[in-house]
Amino acid sequence: MTLRTPTRHRLQQHLGVTPPISTHESNDREKEVTVTLMEELHRQKMFESEEESKTREIVLGRVASLVKKFVYKVGLNRGLSEQAALAAGGKIFTFGSYRLGVHSSGSDIDTLCVVPKHVSREDFYDVFEPMLRDFEGVSECSGVPEAFVPIIKTKIQGVAIDFLVARLNLASIPDDLSLRDDNLLKNLDDRCVRSLNGSRVVDEILRLVPNVSVYRDALRCIKLWAQRRAIYSNINGFLGGVAWAISVARICQLYPNATAGAIVSRFFIVMYRWSWPLPVLLKQIEEGPLQQVRVWNPKLYPGDRSHRMPIITPAYPAMCSTHNVTESTKTIMVDEFKRGADIVDKVIVGTAQWSELFQKHDFFHKYRHYLQVIASTGDADLQLKWSGTVESKLRQLVMKLEHVESLTLAHPFIKGFDQTLYCLNEDEVRQSASGDPSDAVLRRKKADMEGKEGASIIYTTTFYVGLAVERKQPGSTGTRRLDIWYPTTEFTKLVKLWEKYDESTMGIVVRHIKSSSLPDHVFDAGERQPKPTLKRPKTSKANDKSEKEPTDLPNKKRKASLGPSELQSVEQQILESSSVPTNPPAPSSNLEAHPAVRIVYSSSGLPVDAPSMAPPPLRFDEATPVPRGTEVR
């Protein structure tokens, strides 16, 4: 389908819940910085090659045929005749960055498998996943059925594909099926509705932006920025692809004739000044005819009132694409909006380059204290499932940490670090599974294990949470106690509730680690700063210094609850204050704790022993080397 640039007549009937802030075209300087922005995006390899584009098309064609074979196979198992099983069809729909037209080299393809009513979600994992594993060119395949939106992650011919499934109440799926009809949602469960919404939302976004070409260029910029700043991850409590896409689309609605560079500038200013939890909407929320389908409504549903940064999907039924955002991740993103606004303002006046906007995050330099969450198994395929399950629950740990006294912020990193470790004995296995492999294990190759009795392979995935500790109040004396036993213990209990959890083959360890003890592999080559050789001397002026050093704390004000009738007027007030770009405040100071903070294990803490695991079979007993009570000076 060819997407046409909108005409002036179309713009007369404005897109969005409010009229545009400005319909003027961008000035000459904004046009100039748009040219330099596109040059920078090409330097950053945000556009794929023609060869890679053709490979994607070939892979998607093969996948479309495989889905039909999957539906056919299940049909025969259900007792359908061969003719009926063949006629049942099956179809794939792409969504996400690929469908939006903003994918880059190496990015994955979000793919929805639409199947008829005789195919169940269990068939998706019991039949389709094994078929994928045996599919020619597949190098990875891992299903996470317990995820909020059940998914299978795979890589085919080097192309990463995330599969979702939706079971329609139809006997067959024709090749010309369109998903725009709301009646297709009848008699579907919540998971199928969420899966269908991915494709329906993307189509609606493209319909609601005034200029698709400008929108795509601006979105490419914001995606790259969010990825470099490590705030692109829905599962970890930041904004995911859909939320970023909706946010940029809203700015395009407010400035329908602006260039991509101007849209990026307005994006940071408006998002920084946004009065959360006021929702971001591309159109008015529609109730719709389906009684069993839930529509986002903070007045009706208490859970919707708890959303901290609601960005609402435009397709029926309206849903919050940012339900995973925590108070900590909200604080981090708002801080990044401030930084982005400041840099782009300098770009426009000619005192900075676009490359500064895309500088790498400083997560592993920002805090003195971190939590390591280590998921481990002895099987590569099992590790993909287990680590995916642990990652999907990580935000629960963050939310529990936010309630710990003296912790001002819990900052989750957006990805885990995978290691394959070759161990020769039980002690090495124990150390590796607890996140402390020896140098000998780190250097060892697979060939070094050949012929060694008792040797085994350990697969680990390590996630990190940065901890910002409240500064010591002026005049206070003694030791502050930081109790993180409850949130860490509850988290380990939560992940072990996974129905496929097996303590004999899976390990989960949570432990505190200082920044000086971070492993080298979390840094790029040459990035790690030299370790200090001298300890900081204690002086009587420490408290005086803490008085002079400002700190930004998470905003813990009571959140307002807004109904649909109040949204337009409140949003208009925000937009009016953002209509004229000004120099935004400089980014807030580092949220890290006072340099003198020290965390130590108390005698009442849990045992620091690593998991007991003896091959074969590999065994991971419960181990959570995190103190019951820690002391902070």
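We count from 1, first residue shown onward.
Any Cβ shown, glycine's included, is placed from N, Cα and C.
Range annotated as region 'Disordered' by TrEMBL, chosen from 286-314, 431-459, 460-488, 605-633: 605-633. Long-range contacts of the compositional bias 'Basic and acidic residues' (521-530) within the same chain: residues 360, 364-365, 417, 419, 464, each at least 6 residues beyond the stretch ends and with a Cβ under 8 Å from a Cβ of the stretch. Sequence-distant neighbours of D108 (Mg(2+) 2 binding site) (same chain, 6+ residues apart, CB-CB distance under 8 A): G96, V159, A160, I161, D162. With helix defined as DSSP H, G or I and strand as E or B, the domain 'Poly(A) polymerase central' (215-360) counts 73 helix, 6 strand, 67 coil. Residues D108, D110, D162 make up the record's Mg(2+) 2 site, and a Cβ search at 8 Å around their centroid adds G96, Y98, I109, T111, K153, A160, I161, F163 from the same chain. Helix, strand and coil counts under DSSP for the compositional bias 'Basic and acidic residues' (521-530) come to 2 helix, 0 strand, 8 coil. When the binding-site residues D110, D162 are compared by the number of other C-beta atoms lying within 10 angstroms of their own C-beta, D162 comes out lowest.
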